[in-house]
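Under the heading region 'Disordered', TrEMBL lists 129-148, 245-279, 316-348, 431-500, 530-555, 593-672, 694-749. What TrEMBL lists as compositional bias 'Gly residues' is 246-279, 316-346, 448-500, 530-539, 593-609, 623-672, 694-734. Sequence annotations record features per position, and here TrEMBL assigns compositional bias 'Low complexity' to 610-622.
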Amino acid sequence: MVNGAINTISGQYLIGNGLDGTAEDPDGGHGGLWFGDGGAGWSSDVAGEAGGNGGNALGFGNGGAGGDGGAGAAGGNGGIGGVWMGHGGDGGAGGIATVAGGFGGAGGDGGAAMAWMFGNGGSGGAGGAGMDGTQNASGTGMSGGQGGTGGNGGVSGYLLGNGGKGGSGGAAGNGGAGTNDGTNGLAGGVGGRGGAGGLGGARGSMFYGAPLYGSAGQAGDGGHGGNGGAGGDAVKDANGHFLGNGAEGGIGGDGGAGSTGGNGGNSGDGGSGVNGGNAGGWGGSGGASLGDNAGGTGGNGGVGGTATGAAGVTGTAGNGGSGGQGGDSETGTGGAAGKAGVGGNGVTTDNTIKTIGGRGGYGGGGGNGQTAGASTNGGAGGTGTYKGGDGGGGGNGARGADGGAAGNGGDGGVATGWKDADGTIWSIGGNGGTGGMGGETTTNILTGGTGVGGAGGDGGNGGHGATGPGVVSIGGNGGNGSLGGGGNGESGGAGGTGGNGGNGTASGGNGGAGGGAGYDLGTGTGGVGGTGGNGGNSGGVTTPTNTLGIGPSHAGNGGNGGVGGMGGAANVGGVGGAAGNGGNGAGNVNGGNGGTGGQGGTGGDGAVGSTGNNPLTGAPGKVAGGVGGNGGNGAVGGKGGNGGSSENGVGGNAGNGGQGGKGGAGGTGGAGGVNPDTGAGLAGGNGGNGGNGVAGGAAGTAGHGGAGNGAAGTAGVGGAAGGAGAGGPGGAGDPVGADGTPGNPGNPG
């Protein structure tokens, strides 16, 4: 009654709360000019219609809450808090999608606290979830709906109060599964993208910035990405045989960024058919995270579709999907990468039908952060009758204070044997995948600190060929190891080991090469080069004349060793990697040759001597020149691989040793300054000594054979000596200062 009397006497609405919104008038009313809260916005129950905005408080009072959005529609914004005291209203939640493939609505923004004295900003509304896809009219999978973006938090009051929390992003819908067109399968739908979390509200005053007065609001979490839909299978006839090809699966959706990033969705599996469909290309990436929160996890790659082939038709299985990237983190741990999918299999009980296994998916890279997120290995190749699928490559290492280790390459698939019209059974193992590259340290001269480089990934092993009577099989080649990442003040990352070649009745696969090692940007040692893989063995079966492009029988050669990394300033280089051994040959097949050892790393150059002279103007300093640093020594080259043995043929040749590393150059002496009291020039600094070159690696041992031994290898050439550092010039005073003495060159290896 008192409120009403005051309002009546004044002729204005001074005291009282605003009216809540309705379907006819969705926005809440404003509070009284002196006292009163804003009215709440209308929460929509109509699909596609947004919620109403909350009403504002004008004097003392809280802003009204925004109304929730109808299905797929945005929530209303919260009302503004009173000028003197009061909180901002919370934003309304975005509407959840209710139609197939529909997008979730965005959350409403929290209202600002305009209060001069005290008030918290309103929280942002949560984004609505997207809806799963079904099938389009054509039968392909429908894309999943995207999650709605979370609303932003409102700004706090001027003197006291916290900014509003951002709303969480909505989860995305999954892609729909593909069906078929009466013969072939149809593609699966793409997973939706998770909604981003809303931003936290800011503090209303930079002047009152101490924590005592309040803090900015926290951002909302990101929504998870949707899974890709499975590719459709081909149609079968009455006897259960496929009439067409399987279809590709859908790509996984990315997670939304936020305070904690959302996880990426998995990619869909490929469909089965005469030829299998590929899995969705990749899993979704994890969302980026703020502060110390871990980045979102990447989605897994799907499995490649199965292939059955048909009479006279080669069936190729689908490739596996690649793992999604882990999300980055500002100061925490990067998100883990998703796992790679394996290649599909060529499945048949009839060995006269020719099938090829699918390639494994590539591993994902971990997210970058203070601590690098874990990267994943490549997927294994699938099985086939004629040829196994190749392994997928490993994911690259992430960047962090210490560089992240890379994923290894996947192993090649096996081949069970395909029988041709002449009755010969052929089998070729799949090749191993290449390892990923090691991650680099994020530390440097500007950021400070030290860190090691991440190890390069190992190559996958080549698949073995089939064995048994009448089988002519060839082992797959090993995958190459990859590069180590660069370090700073600590060692560079080691190079990855090459994969071993697979064994075959006729021919063995070659070993993969070892990866080169990482360098060092500061004062640490270079990384060690990767070891080469061993060649596969031959069972001594003679390869008959054929139209398949398969050459004469042989044992596999060993892979070369990787190069050692260059050392940091005045430090030693990394040792070259040892080479792989050649495979052994049974019967009349010759042994495989050993690989060449990796070159030793070069020593780091010595640092230039200090000087007091101004580097920009050239004005003389007041001190004598500093002594130049000594160059680092090179590193020994890797050992050559041994030649493989042979029963009745010639043994394999021995591999040569790797070249020794070169010594680093000595640093130049610093320039002398001028004595401020006498005007006499000061002496320049002496030059640093050059680093020593190091001996090359030892040669491998030649293989023994019934028809003769292989050729001997040679030891690696020694590394060159590092040059002497020049003496620094004397200061240009009166008299002129003496020049520094040059350093001594290093000794050659």
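For all residues, glycine too, the Cβ spot is worked out from N, Cα and C.
Whatever TrEMBL says is automated annotation, not expert-curated.
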Task: Report, as numbers and ranges, every residue of the chain located at least six residues beyond the region 'Disordered' (129-148) whose Cβ falls under 8 Å of a Cβ in that stretch; write 'none' if there are none.
output: 74, 94-107, 169-181, 186-195, 223-224, 226-227, 229-230, 232, 250, 253, 256, 265, 268
- request: Provide the three-state DSSP residue tally for the region 'Disordered' (316-348): helix first, then strand, then coil.
  value: 0 helix, 5 strand, 28 coil
Message: Pairs 6 or more apart in sequence, C-beta under 8 angstroms, 3 or more of them: is that satisfied by the compositional bias 'Gly residues' (316-346) and the compositional bias 'Gly residues' (448-500)?
response: no
Message: I need to check the long-range neighbours of the compositional bias 'Gly residues' (246-279): which residues 6 or more away from its ends have a CB within less than 8 Å of a CB in the stretch?
response: 141, 143-144, 146-147, 149-150, 166, 168-169, 171-172, 174-175, 177-178, 180, 184-197, 200, 218-234, 285-291, 293-310, 313, 315-322, 324-325, 327, 335, 338, 341, 344, 346, 358, 361
Query: Using DSSP, how many residues in the region 'Disordered' (431-500) fall into helix, strand and coil?
result: 0 helix, 9 strand, 61 coil
Field: Helix-strand-coil residue split for the compositional bias 'Gly residues' (246-279), DSSP-based
entry: 0 helix, 2 strand, 32 coil
- request: Determine how many residues of the compositional bias 'Gly residues' (623-672) DSSP places in helix, in strand and in coil.
  value: 0 helix, 2 strand, 48 coil
